[in-house]
Amino acid sequence: MFRLSTTPRFTRCFQGRRQRISIAQIPPVQFISYSSSAAQSLSILPNSAFRSLRVCGARFQRFERSQLGLEYCVPRRQIHYYSMGLDKKVAMDKILEGKYPAKEHARKVVEYLRSKEPEAEGVLYLEAQKTVMIEDNDEAAPFRQRRYFYYLTGCDLPDSYFTYNISTGKSTLFIPPIDPESVIWTGLPLSPEEALALYDVDEVLTTDMINAHLALPNQSKVWAIAPQISTHITFLEFPQKDFTLLKEAIEEARVRKSEYEVALIRKANEISTVGHTAVLKAVKHVKNERDLEALFIKESIANGAREQAYHSIVASGTAAATLHYMKNSEGLDGKLNLLLDAGGEYKCYASDITRTFPINGKFTPESRSIYDIVLSMQSQCTSMLKAGVSWDEVHLLAHKIAIEGLLSLNILKGDKDEILKARTSVAFFPHGLGHYLGMDTHDTGGHPNYEDKDRLFRYLRVRGTLPEGSVVTVEPGIYFCRFIIEPYLKDPAHAQYINADILEKYWEVGGVRIEDNILITKDGYDNLTTSIKDVDEMEKIINSVY
């Protein structure tokens with residue numbers, strides 16, 4: 001974290017080696033230093049204060065100036081680990097010092113309800129996830145908070161309730177009371193006073209008061225989510241009930257992220273980048289996929305992301321052609337590449353990052369050529385992004401670039417427009433370009449059409465235009481999966497465009513996917529992912545001393 005201090009510190013530590021900074025006539029000013037378990041370190045001094053710099057072990061490569069009027073030095077090795085930028089890091093940490101903006105989210109939800117029903121009034125009602133016991137066991141199952149509840153509360157407590165009065169704007173959170181029998185096992189729970197200080201709500205009561213609260217007079221209508229209502233909650237006091245529109249309203253509101261949500265996703269990316277870098281450094285020195293999965297999870301937990309956004313995909317060799325490979329238990333010997341699709345979850349918000357790299361530290365010519373095509377697909381598609389852009393058009397561009405690249409390698413042959421019209425490129429790029437990201441890895445509001453007769457768009461998880469404030473993944477890929485490609489080779493409509501002899505050289509490549517998390521802005525985008533994808537940089541890290 002960043003630390004502010006009025007006492008100048010002229011010695012910093014980078015990876016256990018002391019950095020000595022001698023400054024002549026240093027004024028009494030504030031200094032900021034950054035440290036983390038990833039051995040990232042910034043030594044920062046006012047621009048006018050720099051006189052001389054001596055570093056033991058870590059050599060500095062460049063100086064950068066922040067918008068705060070500070071100039072800071074970046075070690076060569078650090079550039080591999082961390083490239084968010086000082087100003088974004090400071091802004092992110094500052095935002096996350098505040099409360100999760102539950103009231104802002106509630107107002108967005110009401111705005112959507114009133115776009116459908118202009119006179120919408122009444123009470124929003126939501127329940128947290130229940131404590132569920134593992135079948136035939138006395139242990140509770142791992143807890144995952146309901147996202148609809150979290151969006152309006154920021155509360156990660158099980159067995160809780162929430163109401164929001166549309167007319168008054170008053171939000172009330174109900175949390176479990178103290179159970180003396182449980183204290184000895186799990187300790188004291190959060191008190192209502194502590195919860196009120198922690199969460200962005202107006203009132204905190206205990207759950208034994210929920211029915212009395214719902215029975216208050218003059219409440220015209222209740223809005224709830226049908227499958228998420230306890231049996232003892234009847235809403236008899238409400239003359240009107242709507243159990244469908246609230247879910248839709250929350251799903252649509254979640255598409256446009258608040259500033260706080262963006263900071264959470266950026267933080268999840270920062271943590272996951274540490275894990276991805278650790279895997280890069282270790283891949284040449286371990287024997288099994290499971291070793292790398294364990295390493296990523298370890299780094300995630302150590303840096304603040306106890307949960308994973310999804311099960312990690314650690315696919316070596318030809319297994320990388322399986323989009324959602326789950327085994328993560330195969331040996332690495334004799335295989336070319338590793339595809340790592342892994343993201344930590346930070347306070348209920350996901351990151352979703354994919355990188356592909358050579359296990360032995362050097363891409364083969366075939367692997368490098370495919371990687372370069374995929375990287376071009378990603379960079380050109382990302383450059384299109386801004387509010388209002390058609391995601392269908394961006395996805396279409398990815399296929400056009402893939403076709404041109406595969407034609408240049410003679411894997412495909414013929415006219416590029418005819419290949420696109422035939423949809424032959426789907427054999428090599430069978431999934432959508434990306435999806436919304438937020439509390440869920442495949443977040444809400446994308447309106448996919450899995451019944452689309454056009455196979456090019458069938459698995460595109462976002463349809464239509466991208467609004468400002470949305471976060472989308474950009475994850476093109478090219479795969480050499482026999483199960484998918486061989487039917488195309490047997491179909492004359494597609495076989496005429498595929499050079500089967502050339503294809504034989506590429507089966508071992510498996511698959512290449514590169515994935516970043518992108519915030520859509522009014523006039524462009526902000527890439528929230530800083531994990532390395534430059535080939536030279538990746539190979540340098542893999543071949544570094546472990």
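Cβ atoms are placed via backbone N, Cα and C, with glycine included.
What Swiss-Prot records for this protein:
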BINDING   D341, D352, E515  Mn(2+) 2 binding site
BINDING   D352, E475, E515  Mn(2+) 1 binding site
D352, E515 as binding-site residues, winner by CB count within 10 A = D352
Starting from the Mn(2+) 2 site formed by D341, D352, E515, give every other residue of that chain whose CB sits within 8 Å of the mean position of their CB atoms, in sequence order.
-> I313, A342, G343, I353, T354, T473, E475, R513
Other than D352, E475, E515, which residues of the chain come within 8 Å of the Mn(2+) 1 site, judged by Cβ distance to the Cβ centroid of those residues?
-> D341, I353, T354, G434, T473, V474, R513, I514, D516, N517
